[in-house]
């Protein structure tokens, strides 16, 4: 069977075509006679393995034969390729799908292979993680920003348009993932055939089921020695509840099963509804800022038609613009004159503010507005806050400019100016989660050449005041006085940990230490268990994930969702140095942990603050009550050195004079806490709190 490709026509060898057809015919006839689902999966796996070994004795030969060989193409063939890619197809021949998977299960590799086999990206342009544009994505091996790609595929002599939306897999970007899923009719559920079902696999599957998507199970990495497809198929059926009798076995790296996946996308994922006659409604699932063209919007046309030059209206923000340029992503941007219901494309309209085109908003015509917007739009709400301060105070304007530019690319980032007595001028920034915070900090340092100090991450607390007001507080220094507050509420999350049964005890102990409330535990397979807890978000923004991985030797995975605010016994812990309260070191902690945190902070500060000419007390206080204290002894001059003999009264006089000087020095002296001490204490806070 031939796969017709944009750019040039790429063909499998005739021998391979015949063998693939024979194998599929043989498998379909064989599977109908079998009754046991597990037996079918084992047989399918072994038959594909036998075919693989008999046809191509080594993997290198297979790769050379299956990897599509691009014919020599001149300018005319390249132009023809663009026309083929932009050629319109009926709505019934459009397929919109995404790939959902846990981190490192081969999602980006599969997307690369689909682009390569369909000829969307030519062999000479191909590179690993093709859709991951940032260096940070390639280094960490994760997808941070989603991408879209339009592919052309010929199935049974009929051309189809396949729109792939590559989504992030991490929980911090779950809202972006949900909007991407809303733009699709189907999803490829990619599961590692050696690792099995993981926590984020479940989370993304549930999101897909909420959007009523057709899910195609795909078992990747079947070429690995540790692959156990029969066990993983059983896991998917038991845990997720999907019928895996027609699951596809593949190896994205080796190119096994890619044609089967493309055929399944065409035959099993439904086409969009043909609603081209209705008023325009298009769902924005991503946007980014281009310094020359303004905000570029990625959207899926749900109803109606949009043409170049139309005046469009954004229903949530209330802004209107002229569509200067519309086009499709294949995966580079190609201009077209018109997009109709079911198609995915981009829009450029000289928009200068990302806030005018938020993810989840609905685009309609200004003159013929839709009656109602598409459901599901909401503002991104920051969950984790920290302070960002430049190491060099002269870089403060550069930091402000960098945050403003980065916010144009990342609408979920929030920031406001903040002043610290210890670290000077900076910003209080809000993020969706810890990974989001790390990514933003690293992008600021790399892309804008800044040296930054990051304070310990904190969460937003709700303070119920005596007068009936409710105050949201992300900075301990803004907490109302004890006499004015009635209670403090903190955000709680529901966390689900998937782990081998050998590590259940250590993980339950970890959750109990972090004030977790046990909800349920169930065995999802013979050797794997799911443990569910509710625990404060503040306990997770430290080293919880690191502890989870170390206690389970890297085998456990986790997924969490925000459940709401719950009243807790929280207090503000102040640090006083020489009687002066140091606001940057103040923290909000649970009453039961106040002593241990205060003790750890005072001991660390005693090591880091240099000795003075007078005694320096370091105290951890709750209000006026001191709960932990240390003291840095004074540097003393030996004033008795010259008194080698004589009356004792002379010595007493000298010692009394020295003591009076020390007392006067302490009253007017000021202790300068070095920058290194703040950074070390902030690191300690992340570990202790």
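Cβ atoms here come from the backbone N, Cα and C positions, even for glycine.
Curation plays no part in TrEMBL annotations; they are all automatic predictions.
If you check TrEMBL, you get these features:
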{"type": "BINDING", "residues": "101-108, 166-170, 220-223", "note": "GTP binding site"}
{"type": "DOMAIN", "residues": "92-273", "note": "domain 'Tr-type G'"}
Residue among the binding-site residues 101, 222 whose Cβ has the most other Cβ atoms within 10 Å: 101
Per-residue pLDDT averaged over the domain 'Tr-type G' (92-273), given as an integer: 77
Number of other Cβ atoms within 10 Å of the Cβ of residue 107 (GTP binding site) across all protein chains: 27
C-beta crowding around residue 104 (GTP binding site), within 10 angstroms: 14
